[in-house]
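Trainee: Heads up, here are the entries from TrEMBL:
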- 117: active site, proton donor (ACT_SITE)
- 22, 23: phosphoenolpyruvate binding site (BINDING)
- 93, 306, 328: UDP-N-acetyl-alpha-D-glucosamine binding site (BINDING)
- 8-407: domain 'Enolpyruvate transferase' (DOMAIN)
- 117: 2-(S-cysteinyl)pyruvic acid O-phosphothioketal (MOD_RES)
Ligand code: UD1
């Protein structure tokens, strides 16, 4: 298994470009099922999760090609199998995103039921209940969800809790349903808005994405589209933290700072000087002491759970105590044990991490447990004295494009060790 070796202590400085957002791209790839016409994606990130979604679409009969501009062209006109197999779903829970499109377009879907995962039980009951309300028949058979219908019919759906992929799945299903669908208590993440923009670019009629209520007027067919995947706010946030904790000075291009206000506000409170430009952000931290900042995760526009582990590292290197509360997922503190082995002083009580600032960290062999946990271990390694070896980095390859190249470019001493 590949590992990352980091020798800590270098200040990061320079400029990098942000990649396309994984969490925007995945639902859009699933939404290609809704149209018989080819869809062209620009700026699709090169990530393991994207490859997994390609494998799922490919196994169903989709054609995926790359043109000379490195754009991906996807055609699902000849889909002949409507199943997402367990071998693929178990590696990526977001595979559930093909459910809504398959049922709406083909009247049938068989998707392996995602199991538990490192950050909690993560059920899909909101997805299934909402799909039933649109008229689908749902059965659970031998570890698979089987959903079928003759034609989905629009209705009013109140989600019992806020779910990002739940909102996206049902938005996709409703696009081809008969009549109007109103979704209430939906997720307002920028990626939900991105998906609505993409669906509308294909001819769907979706309004209200980014607010609590989304209205979808069903259409009969969707057309072709050429769409650019927006930049990844979580990737950008992770590199900003890398700059802050190493006392560096970094600019990130190709990112819309407006979708990162929740992260930028906390970084400012930690003492970082941040400048926001049209499509870039700069952070400067030289010669300043990091201040502790309390963090409480919540659905957008709250502080993202996907930045919790990384901010916990920043707080660990700050001048005092802080509390990090995880309110979105149960059991999302798996990184803490490994961080403590590197010299952090963090105590977990329920959904709160009590963090004491420490003056230095020590390099150590550590084990990644999930995507954002791995990012936090790399961040800690960048500041630790000596060598840190991060094992199981397939987690990081799921969501960070060429992380060691980007960090090296900024001056980090980081190398990928072969199997
Ligand atoms: C998405 C993101 C993930 C992010 C998370 C929260 C993608 C591909 N993944 O995951 O990176 O960490 O949002 O911002 O976009 N829940 C239920 N029943 C359901 C669905 C969810 O109880 O049917 C609960 C979950 O257990 C969790 C909470 O709702 O406690 C939020 O989860 P959700 O927003 O659905 O996360 P994902 O969409 O899986």
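Backbone N, Cα and C define each Cβ position, glycine as well.
Quick one: where do these features end up spatially?
Mentor: Secondary structure at residue 22 (phosphoenolpyruvate binding site), taken from DSSP and collapsed to helix, strand or coil, is helix. Non-local contacts of residue 22 (phosphoenolpyruvate binding site) by the CB criterion (under 8 A, 6+ apart in sequence, same chain) comprise 45, 47, 49, 50, 232, 398, 399.
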Trainee: Running a distance check here. Ligand 1 versus the binding-site residues 22, 23, 306, 328: which have CB less than 6 Å from one of its atoms?
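Mentor: Going through 22, 23, 306, 328 in sequence order, those close to ligand 1 turn out to be 23, 306, 328.
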Trainee: Any idea of the Cα spread of the UDP-N-acetyl-alpha-D-glucosamine site, 93, 306, 328, as a max distance in Å?
Mentor: 16
Trainee: Quick check for the class: what is the C-alpha distance, in angstrom and rounded, between residue 23 (phosphoenolpyruvate binding site) and residue 306 (UDP-N-acetyl-alpha-D-glucosamine binding site)?
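Mentor: Their Cα atoms are separated by 11 Å.
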Trainee: In DSSP terms, helix, strand or coil for residue 328 (UDP-N-acetyl-alpha-D-glucosamine binding site)?
Mentor: coil
Trainee: On the 0 to 100 scale, where does the mean pLDDT of the domain 'Enolpyruvate transferase' (8-407) fall?
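Mentor: A mean pLDDT of 96 is what the model gives the domain 'Enolpyruvate transferase' (8-407).
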